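Enquirer: Encoded as structure tokens, here's the structure I'll be asking about.
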Amino acid sequence: MNNEIWVFVQLNGQNVEPTSLQLITKARDIAGDRPVVALVAETESMNVEATVKEYGPDKMVILKDDQFHNASDGEIADALDQVVTDLKPNSLLFPATVLGRSVAPRLQAKLKTGLTADCLDIYFDGDDLVQVKPTYGDDIMCEIICPDVRPQMATIRPNTFKAVKAATDTETVNYSFTFHPEANIEVVSETPVINSAANISDAKTVIALGRGANNEKVIAKAEKLAGKLGGMVGVSRPLTDNEGFSHENQIGQSGNTIAPDLLINFGISGAVQYAVGIENAKQIVSINTDAKAPIFDKSDYAFVGDADEFMSALLDQVR
Amino acid sequence: MKIVVCIKQVPNTDTVKIDPKTNNLVRSNVEGIINSFDRNAIEAALELRQQAGGTITLLSMGPDSYITSLRDGLAMGADSAILLSSRKFGGADTLATAYVLSEAIKKIGDVDLILFGRQSVDADTGQVGPIVAEDLQLPQVTFAESLELQDNNQLTGHRLLDNVVQEVKVKLPAVITVRSEMNSPRYETPLNIQKSFEKEITIWSENELAVDPTQIGQAGSPTVVKRIFSPEKAGRQTQMLPNNAKDAVAQLLADLNN
Ligand SMILES: Cc1cc2nc3c(=O)[nH]c(=O)nc-3n(C[C@H](O)[C@H](O)[C@H](O)COP(=O)(O)OP(=O)(O)OC[C@H]3O[C@@H](n4cnc5c(N)ncnc54)[C@H](O)[C@@H]3O)c2cc1C
Ligand SMILES: Cc1cc2nc3c(=O)[nH]c(=O)nc-3n(C[C@H](O)[C@H](O)[C@H](O)COP(=O)(O)OP(=O)(O)OC[C@H]3O[C@@H](n4cnc5c(N)ncnc54)[C@H](O)[C@@H]3O)c2cc1C
């Protein structure tokens, strides 16, 4: 056992998935004298080391094999298991992306250790990696630790931390391992998704609707307002059950993190799982009939009153 | 085809209270329902059974109150249900939960396909499916948004990764976790609800399973909840707008334009 913090570097095609770099920075911030190690699994022709190095890991452990192209979750987990079992890091962080959330638990099962999902913060308390995540209820977070087993594993929510470049002498270790193909599964193809529909994470203005604004009339007005303001309509989780909305429109912990210049919340109470998705918005305006709604504490402007009324007034006055 | 669908019962509300003394959820008075993604998993199983024949067994680990959601799943059209229930299973994290489910699936025997929801809507980890796949040494397709039967022992699924769609072929037996985009779960019909009460729900405890006592429940759970707390309020200065909507909007627009 050593005291190293490892970060799994996810690759999207030829590029490094941004969360991985954010995690290298975060690991450096909390490391103290613990070395930060980037774990890279790539094909022979790829070379993401140069990019990863810019973020200042103390070491890179590189696994190279052409079969990483279109590898299955099980194959990736098997390769990682070999190096982790051998070199025994103290902690191991994954991006909470679809891939991270699929590979990390398979690795967890091999290592028989704990894995905390979708963390919003991490810090060390002695040797314990304290993993912070929201739990039930409007404003409740919990801290999870894995006191007796190593490595301490966590997946961490994308875009929670900023990636910052840092100059360090980075040691590079080419780790030799055996790629074990999984017999009964084949990744046939990978097709890039053309994001033709604009993505709510990138929208400059967001009109967000919650359960207090969940009727056809208000929704239609919101679409119109979004059109006028050049923005997009987003929703709290309950509204994803509506015909017209899906997970793509959802704001919050289990949806999208947004960072618009202007966010207007209509009939949203402000549960912590929603609130974590809007922290990076520049200006927040909230409309709610309940003067005590938690959303107001997270807002720059508050209107205590009816969503429909305020929306109509906005439609009238915005040119 | 022998299909097992793992289902979790979740509170029918988003704002469950936590007992500040014990750190436990206060579950009384909250009605339990099937985790919504698990309804999609059941629907996927029903469609596959229609094409390939076979049986669907629902499997759930939890207290006896979980009978409610198993009964609902039977009313959707599943053939049988097994509840894994014991005090010893309590306090399980994902590793210990998946271990018990895996041992039950081994006991059921000759299972071709194990379906999960993509994640639970309460704890939301999405880890149980992949851990079961690893425990049983099976291939997995997680976050699947489509599933097609190729022949009787092969499936093709699509899954959406961060910015690519993967097409994956698996030979059975396999583990699939299902996204809500895959289908629209059917409603229970009065006839099926009636029939569901004729179907038996089997209950297994650690005595019926070949489980290692150190790997179940709290004892088998490496993670520990250390603390539950209310985060500090985000530091925004909140300006109250006038009570009249028209004036409020006028003031807001004036401010924002500055
Ligand atoms: C693990 C987990 C993950 C979750 N992830 C997310 C997530 O990613 N995103 C998310 O949004 N939620 C998420 N939730 C759910 C979250 O806890 C809340 O339940 C949800 O955000 C509530 O949505 P809401 O504010 O629209 O509804 P409510 O909480 O019901 O609030 C409705 C609000 O509308 C107000 N209102 C009523 N009528 C009017 C009116 N006429 N005009 C103006 N205001 C009115 C009410 O006063 C109230 O404040 C998650 C929950 C869990 C347990
Ligand atoms: C707020 C909160 C946070 C938690 N965070 C973590 C964490 O980070 N790491 C951790 O290890 N544990 C965590 N736990 C414990 C975890 O909730 C339990 O282990 C639970 O039994 C399974 O995890 P899940 O609900 O996340 O299931 P998921 O993995 O999200 O569920 C995926 C699918 O697995 C199946 N499934 C899940 N549970 C059962 C069941 N009991 N019976 C049958 N099928 C099932 C269903 O098909 C479900 O759709 C947390 C608990 C709470 C209350």
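Each residue, glycine too, has its Cβ placed from N, Cα and C.
Grabbed the feature section from TrEMBL, which reads as follows:
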- A:ARG211, A:SER236, A:ARG237, A:GLN250, A:ILE251, A:GLY252, A:GLN253, A:SER254, A:ASN288: FAD binding site (BINDING)
- A:5-197: domain 'Electron transfer flavoprotein alpha/beta-subunit N-terminal' (DOMAIN)
Enquirer: Provide the three-state secondary structure of A:GLN253 (FAD binding site) computed with DSSP.
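Expert: SS state of A:GLN253 (FAD binding site) = coil.
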Enquirer: Where does A:ASN288 (FAD binding site) sit in DSSP terms: helix, strand, or coil?
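Expert: A:ASN288 (FAD binding site) sits in a strand per DSSP.
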Enquirer: Got a sec? Which of these binding-site residues, A:GLN253, A:ASN288, has the most Cβ atoms within 10 Å?
Expert: A:ASN288
Enquirer: Would you find the one among the binding-site residues A:ARG211, A:ARG237 whose Cβ has the most company, meaning other Cβ atoms within 10 Å?
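Expert: Output for this query is A:ARG237.
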Enquirer: Just counting, how many other CB atoms are there within 10 A of the CB of A:ILE251 (FAD binding site)?
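Expert: Its Cβ shell of radius 10 Å holds 29 other Cβ atoms.
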Enquirer: What is the biggest Cα to Cα gap, in Å, among A:ARG211, A:SER236, A:ARG237, A:GLN250, A:ILE251, A:GLY252, A:GLN253, A:SER254, A:ASN288, the residues listed as binding FAD?
Expert: 23
